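S.K.: Let me begin by handing over the structure; questions about it come next.
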Amino acid sequence: MSESIEARMRALVDEINRQNYNYHVLDQIELTDSEFDALFQELKTLEGQYPQYILPNSPTQKVGGTILKGFTEVIHEMPMLSLDNAFKEEDVVKFDERIREKLTRDEMARLNYWAEPKLDGLAISILYENGVLVRAATRGDGVRGEDVTENVKTIRCIPLVLKGDFPSRLEVRGEAFMRRSVFDALNAARLKKHEKPFANPRNAAAGSIRQLDSKIAAERQLSFYAYSIGIIENNPKPFSAHSEALAGLASYGLPICPLNERAASVADLLAYQAKILAERDQLPYEIDGVVYKVDQYDLQEKLGFVSRAPRFAIAHKFVAMEARTTVLDVDFQVGRTGVITPVARLEPVNVAGVMVSNATLHNEDEINRLQVMIGDEVMIRRAGDVIPQVIRVALEHRDEEKVRAIIFPKTCPVCDSPVERVEGEAALRCTGGFSCKAQRIERLKHFVSRKAMDIDGLGEKWLEIFVNEGLVEDPADLYTLTKAQLLELPRMGEKSADNVLASIEKSRTPRFASFIYALGIRETGEATARVLASEYASLAALRAETAENFQKIDDIGPVMANHLVEFFKQPQSCELLERLLTHITIEYPVMAPKDVTELPLLDQTWVVTGTLHHFTRESIKERLLSLGAKVSGAISKNTTALLAGEKAGSKLAKAQELGVMVMSEDEFLVKYPE
Ligand code: IVH
């Protein structure tokens, strides 16, 4: 009898641990919440009746409950070092150079890097003996940390017992962190209870790990990714590289960040950084840079350490483009397709040299996620050319007396038409269509923009005046404007009027791709417009296409296909097209569109650098694409050729180093005349 109870308890422990692993490490769900709870409850009941059979890896041990008087000190058997920082591309190039200087030719040839996000939490060391978690410690000063075993045991994705073919002694190192969603919920709850909110997820994670009551730590739902190994003894399958070690840790059941990637060269490292930076705001957790590591252990060892940081690894930190300021008000902007976007009007603040006074709040879901109110202090971040983002509310500075909720309008702030929330979309939309002045103006702005019809003499201000004066309603009206009409407008002189008319005139023969893009069909961006222009021989063919056939084209999914068909079906768009076509003549590509096998640069990857004279950055890209090439931003061993203009810098050096063909602009023009 007791044997079967013990066996049942063991089976429950295994099954619940397997479910937990699937859920917290692999993101897979097999059981419903209630099925899972039933197993958990059964195990708890049996453990209550038969405490002698409680297993060390029982999931019930993960809910915390131990209360400590204080933390004991842990002396790390191997010190936990820190990383050197790089901020600029140059620093990364130098890092690579320093490494190559110390290696022989052969070593250099097999040198490989590993690139990982730099997680913004705190470093933790976890010791497993014979596969059982026996101790966990904070990094502390690198030599001495604090024993936080009880709290680390509550982290769901950290196994209490390893699986697979593990070493007898293993120290796993990695980052404990708090996901944004958990952080947002935690702060909302603290605010409700009139407790001081945490300033950021890192502080919240650190505060949770240093809880004396492990029940509280358990409630904080921390996450963890392993990023290296400290002590390792008696490994049945010794590792020769960092990437192998991570794969080994994964096989023992430890979570590894899925965004880690191999990189062969500096160019790959920089491309990785750019990719991760672009994804940064969408990640479920905060990161403050990326980390590059030499992969091979023998090379790591040869490179060694400088003071307290390894020579074989570096942190490429994102440049801080953040600042704190106050939300003075929230306005609602109506976009080209009627989407209503809340925009925070900010107390102007200098962010890395640029004054910022607006930031987008995206939509209602984002406002709810941020819990932002008018009057709040917010952290904003600027990145490249994109509109500044609100990344977090400084809830710890909130003055309840001074804040007020953001109320979404029920009708369009511009045309007063009702507002609707589209099923499955976060956005609110004005239902006014082209009767809405804001939508008309936005649509005109898009039509005249550089990548569309490129009518450069027509700025936003003039378009607004045209619409407000009732001179222009839609893009086709631009082509019937007369000088006399223009001269009647306030502040419009002879010269401006001539300029405006001349630039409209110049736009009468658009390229097919630019014309498709200019129509502003939902979801059809520049790249899609280009694909469509190469797939269809004429506008007539495009207009006659079915959603089914659109989807046969690479990169066009069902949503985009429906928007296309919908657009060409609408009487309003048909009427607009008819009128536009009486004024303009589309210039179709000369090449037979399906004749791709004859493209001279097919399957090649080109990179462009330096100053060009004949081409703009846009037009060279376009030209290379039309010759069949792919265009990339970084040189790697997969690059076919580098088109180098004047003042070419590090990319040229890199191309020469890798033996990539380099071509000047003149050579290119001779070889591929337009
Ligand atoms: S490797 C020799 N990898 O950054 C140091 N660290 O500045 C080994 N960190 O204390 C650290 N993400 O807390 C490494 N993917 C990653 C990391 C990472 C975050 C933190 C870690 C460390 C600090 C070093």
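From the backbone N, Cα and C atoms, a Cβ is placed for every residue, glycine too.
TrEMBL: automatically predicted annotations, no manual curation.
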S.K.: With Asp33, Ser34, Glu35, Phe36, Asp37, Ser82, Leu83, Glu116, Arg139, Glu175, Lys293 listed by TrEMBL as NAD(+)-binding, which of these, Lys196, Lys215, Lys237, Lys317, is given for the same site?
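M.R.: Candidate listed by TrEMBL for the same site: Lys317.
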S.K.: From the Cα of Lys118 (active site, N6-AMP-lysine intermediate) across to the Cα of Asp37 (NAD(+) binding site), what is the distance in angstrom?
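M.R.: The separation of the Cα atoms works out to 35 Å.
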S.K.: Does any of Leu83, Lys118, Lys293, Cys415 have a Cβ within less than 6 Å of an atom of ligand 1? These are the recorded positions; tell me which, or none.
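M.R.: Those recorded positions that pass the cut-off, since their Cβ is under 6 Å from ligand 1, are Leu83, Lys118.
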S.K.: What is the three-state DSSP composition of the domain 'BRCT' (596-674), stated as helix, strand and coil residue counts?
M.R.: 29 helix, 18 strand, 32 coil
S.K.: What are the other residues, in sequence order, whose C-beta lies within 8 angstroms of the center of the C-beta atoms of Cys412, Cys415, Cys436 at the Zn(2+) site?
M.R.: Val334, Gly338, Thr411, Pro413, Val414, Asp416, Ser417, Cys430, Gly432, Ser435, Lys437, Ala438, Gln439
S.K.: Cα distance, Glu35 (NAD(+) binding site) to Cys415 (Zn(2+) binding site), nearest Å?
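M.R.: One finds 52 Å between the Cα atoms of these residues.
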S.K.: At a 10 Å cut-off from the C-beta of Leu83 (NAD(+) binding site), count the other C-beta atoms across all protein chains.
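M.R.: So the Cβ neighbour count for Leu83 (NAD(+) binding site) comes to 18.
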